[in-house]
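Reviewing the structure listed below.
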Amino acid sequence: MPGDMENLRKRSVAEGSESCGERRCVGPQHLDPCTVETPPPDSSAQHFCHYTPKCFITVHKGPQATSARSTPSHYGEDGWHEATSKTTIRVENEVEAHREANNYKFGFRKWKGHVTERPIEDRSDIVKELYSNLSVVKPQEGSVVTFGNVIYVFLFGWWISLIYFLVGLVMFGTIFGCRYGKVCWKLALYFLWPFGKFIEKSDNHLLQREVLQYFHILLMILGSSLQCHISTYIWFLLGYPVLAVVHCLACVLSWLLVFTIPVAKLNARILTTVLLMAPKDVQIQRLEKTLSVERRVILCCYRAFNVYYYKYTIQGINIFALNLLPLVLITLIVGYTDREHKYFSAETTFATAIISIIPLSYYIGMGIASISAQSNFAVGAVVNATFGSITEMTFYITALLQGHRAATKCYEEIVKAALTGTLLGCILFIPGICMIIGGIKHSEQRFNSRSAGVSSALLFISIGGVFAPTLFSKTFGNLVCESCTNIPGNASVPFICKDCHYDTVGSCFYFFFLPHDPQPLVYTISVLLPAAYLIGLIFTLKTHSHIYDIHISDGHGGHHVVHWSRWRALAVLIVATVLMACCADLSTENIEPILAHFSISQYFIGVTVLAMVPELPEIVNGIQFALQNNISLSLEVGSCIAVQVCMIQIPLLILFNAFYDVGFVLVFSDIHLWASIFSVILVNYIFMDGKCDYFQGTVLVVVYLILLALYFFAPSPRSC
């Protein structure tokens, strides 16, 4: 009853206010301490769970309506997480519920974007404006003289207006095309400043025909018919083709700039509609400040620049990933046709190949999320295990093959630097930058320390396992130096040795290994690490899944349409993987001049460019989670990648080397060893209390930059 529901609401608010001094609901997100929300009165759902990051109430509607809150902690600070760490997430449909649930599963790739279409009516006014087709005149709010509109004049307005003026002169010169010349000059003024104006179809000629007598009308039609046809032919022969090229160029440039997409829409509408109209039908008017109702016209643009266009998607694909797709095709064509570098240098080909990996990594991530959201747990786990590391594995394997063909160990050192760089970036940079951006917006953020503890423990196991052969080689290996000198006849002066290293590589024949050979240890670790990863999956997803305690609301309603079906997503995964392998092959093939001629250490190139560029989509996902006060998923993004590098990718490289010997030995240099160990210890210290702010994020990022400076000034590997 309405009265009972009102009493229930007041009692819930009072109880929530009384408990403001207690820590109650924990989860990946937390807002203000006293946030208590109730469901809308008109809700028809039988069981309504409203998501409130700090506190939430669950209301059961029925004859005996009751209020349920998070159970207060009976264990003090330590028992707080045990009793009240529940988070309720409300989603639009069942597929999105699966996607959200997969985000909280260990070993699953985290994906922020939607995999189903969202009705435009349900979205914010900012997003609605992004998808506007510029055909609605609205009451004007504010001035049209903005910074973006002024920039439009310098980037597009002046030269488009000039070309229209010149085309108008040509049309006047033909005499028969004067009508189109007038339209060109009107559009020249319009394009110089199109804001605050609109284009509509004029109906004035109909009124003029009504006041003329019938025979005058007939003569006018007969007399102007031939002239009309001639002017139309001249227009489509001399005027329209030139302007079509101009508008296509303006569309491409403004579309690639992303934030100027309204300019692309404006040019497309002019090209496909206005320029095909009869000259007498084109009417340009200024907006009236007294306009109070909306009306539809042919074209009306208020601003040329919109910073929110980074959210723009087409079929679920982000605009940046879509715009970078032609670069992939250009890179492949140029890379495989210009192998002699007659037109483009090796450095240019390498740069475009590395950048091309970014959109391909995005498509792989979206394909994984789409299949996982539409499938059961087993299929999702298999897809994440097989394709989750495909981006990095394609580069590592192609680099090792390139080094094997060139008979040099330099590529192996580059792969080890990239592996270490991925670890450092995922342990330090991704959590750090997410803490900074999220902390600036939300002051202090809290996360589930128990789930973070699982990831931290697996990180310790991973680092210990990966660097165990390195410690073994330094303990039991033979110290070998390239050259040693001393002063002849003076035995008191010690030898001066250069290029000293531990020689631990022995030869093996089937199951026989030389003494102090680290290969048996390497093979043992390559079995233990995936086993530990599997145990972590069972622990977090089956036996102890309650540590996440995520409840996806049952209020799924309405029909949903997925952006990508399972078969389409699988096809995208396969194609993107093949293209990724090609781009990785081009990057490793053209990296040699950079390694040989640049004064930058090869360590630095591997740790930064080769390691972090493929992870840019994951960094963006983490930042978006942090902005939504979901710092738990931001931290899981980096931890998940770091654990997969150690427990899946490195064992796969060892397995690949066992079947096809490319000389890969799991022995890292000292700089990789100590940088990784220090980073894991630091990040576990930061994660201890279950809360973070921008200062802790700054600490992680500064340490990461210090390590990058160390790699930058470090000498190149001995084999390079």
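Don't overthink the numbers, they just go from 1 along the chain as shown.
The backbone N, Cα and C atoms fix where each Cβ goes, and this holds for glycine too.
Matching 284-304, 452-472, 473-493 against TrEMBL, the residues noted as transmembrane segment span 452-472. If you look at the transmembrane segment (452-472) against the transmembrane segment (377-397), you find fewer than three C-beta pairs under 8 angstroms, all six or more positions apart, and that falls short of contact. Within the same chain, the transmembrane segment (343-365) stays apart from the transmembrane segment (150-176): fewer than three Cβ pairs sit under 8 Å, each pair at least 6 residues apart.
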